[in-house]
Amino acid sequence: MAKLSFLSLFLLCLVATATAQNCGRQAGNRACANQLCCSQYGFCGSTSEYCSRANGCQSNCRGGGGADGAGGEAGGGGP
């Protein structure tokens, strides 16, 4: 029973942490904390998967293009 309680608590914390990381269009155009990049899927991170404009970065992006995307700028809506 103790293992089940621990597992339940662990999963609850994991879900709360993952939910707290949402950004961009998926989260009301919210920007990431600590100047992290917002990926095309609405998650914060610092690697090229999150920060590259070619990968669909939404804010605090690095490399390529015009504006730097700082301040929670969201990407375009497409055609």
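Just so it is clear, glycine is given a Cβ too, placed from its N, Cα and C backbone atoms.
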Which one, Cys32, Cys37, Cys38, is listed by Swiss-Prot as the other cysteine in the disulfide with Cys51?
Cys37
Are any of Cys23, Cys37, Cys61 (the disulfide-bonded residues) within 10 Å of Cys44 (disulfide bond) when you go C-alpha to C-alpha, and if so which?
Cys23, Cys37
Among the disulfide-bonded residues Cys23, Cys32, Cys37, Cys38, Cys61, which residue has the largest number of other Cβ atoms within 10 Å of its own Cβ?
Cys38
Integer Cα-Cα distance in angstrom, Cys61 (disulfide bond) to Cys38 (disulfide bond):
8
